[in-house]
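> My questions all concern the structure below.
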Amino acid sequence: MTAQPQTLKIRRPDDWHIHLRDDEMLSTVLPYTSEVFARAIVMPNLAQPITTVASAIAYRERILAAVPVGHKFTPLMTCYLTNSLDVKELTTGFEQGVFTAAKLYPANATTNSTHGVSDIPAIYPLFEQMQKIGMPLLIHGEVTDAAVDIFDREARFIDQILEPIRQKFPELKIVFEHITTKDAADYVLAGNRFLGATVTPQHLMFNRNHMLVGGIRPHLFCLPILKRSTHQQALRAAVASGSDRFFLGTDSAPHAKHRKESSCGCAGVFNAPAALPAYASVFEELNALQHLEAFCALNGPRFYGLPVNDDVVELVRTPFLQPEEIPLGNESVIPFLAGQTLNWSVKR
């Protein structure tokens with residue numbers, strides 16, 4: 001029997017999908033990311049979305065001002081695509097190194113997406129320019145048709161929207177974000193080097209039964225919503241396969257406790273404090289620790305055409321207890337796996 005490893009050294013990881021919010025929430029949650037991750041793709045869906053170069057620069061400065069002393073962290077900014085976005089603004093931002101990618105939210109698909117795109121073919125000229133300049137398109141892959149069941153919206157998106165985009169723009173780099181279904185995992189595996197996907201810790205660790213059986217657990221509620229076990233197992237098999245098309249994207253999305261624990265709670269899981277230990281635990285369960293570094297630190301940079309990080313982080317087999325809550329002014333934020341113990345800790 002092979003002895004269990006007691007330490008894991010991997011190149012410093014990056015988070016290819018995160019919500020850092022703004023103001024007090026930003027300063028509260030950012031250190032949990034900047035302590036462990038070297039870079040993060042920052043989502044642009046603030047209450048006033050990031051749609052201009054100037055607003056992206058200003059937001060980046062607010063993020064950098066909140067990075068604790070001693071942390072080395074680079075926020076990678078994204079442009080929020082809208083029906084009326086000027087292609088010149090998009091191009092200028094990318095060529096100046098302000099925008100790393102552009103984000104497509106179908107209108108009303110998730111938190112702060114009311115400004116999103118209601119007619120996707122109408123913004124095909126943006127996609128054409130992005131393909132030309134090599135700018136990645138990040139997609140929240142769900143249809144928003146009220147007639148489509150919430151558990152079917154990702155699978156329907158593949159056929160109705162994603163496949164037509166890929167057919168028309170075959171060399172457009174696309175990240176199918178936070179995938180949740182076997183349909184999506186199979187689609188990415190069958191794709192090519194222009195298609196990648198991020199996978200969150202909660203979608204690898206849990207399915208909809210964990211959220212709904214024995215009482216509703218609002219801190220597992222996110223969008224796309226957790227699916228049935230067969231989809232969870234397909235995601236686990238995909239990351240365990242070692243395919244370089246899958247990479248780390250936490251979709252960490254904090255909300256104040258009262259906004260989650262209410263009669264109409266917000267979608268989002270604040271998983272940044274436990275992200276790397278959670279991924280390590282999953283890969284160990286899958287006997288796939290040999291693929292952990294690539295998933296966390298190599299596949300994403302390769303897809304984006306960025307260098308891998310030079311420094312390393314060390315995970316140690318020491319129990320890691322998640323706090324029950326994290327102070328946020330006079331309120332609090334409930335972290336993913338609150339009050340639970342993980343087998344791995346990041347060595348400080």
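Placement of Cβ uses the backbone N, Cα and C atoms for every residue, glycine included.
Sharing the record's features from Swiss-Prot:
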| type | residues | note |
| --- | --- | --- |
| BINDING | HIS17, HIS19, LYS103, ASP251 | Zn(2+) 1 binding site |
| BINDING | HIS19, LEU20, ARG21, ASN45, HIS140, LEU223, HIS255, ALA267 | substrate binding site |
| BINDING | LYS103, HIS140, HIS178 | Zn(2+) 2 binding site |
| MOD_RES | LYS103 | N6-carboxylysine |
| ACT_SITE | ASP251 | active site |
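Tell me about the setting of these features in this model.
Mapped onto three states, the DSSP output places ASP251 (Zn(2+) 1 binding site) in coil.
In the three-state DSSP reading, LEU223 (substrate binding site) counts as coil.
Around the Cβ of LYS103 (Zn(2+) 1 binding site), the number of neighbouring Cβ atoms within 10 Å comes to 26.
There are 26 other Cβ atoms within 10 Å of the Cβ belonging to ASP251 (Zn(2+) 1 binding site).
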> Do me a favour and check the Cα-Cα span between ALA267 (substrate binding site) and LYS103 (Zn(2+) 1 binding site); whole Å is fine.
18
> Among the binding-site residues HIS19, LEU20, ARG21, whose Cα is within 10 A of the Cα of HIS178 (Zn(2+) 2 binding site)?
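Checking each Cα against HIS178 (Zn(2+) 2 binding site), there are no hits.
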> Taking DSSP as the reference, which of helix, strand or coil describes HIS140 (substrate binding site)?
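Once the DSSP labels are grouped into three classes, HIS140 (substrate binding site) ends up as coil.
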> Which of LEU20, LEU223, ALA267 has the fewest nearby Cβ atoms, counting only those within 10 Å, among these binding-site residues?
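Ranked by other Cβ atoms within 10 Å, the binding-site residues LEU20, LEU223, ALA267 bottom out at ALA267.
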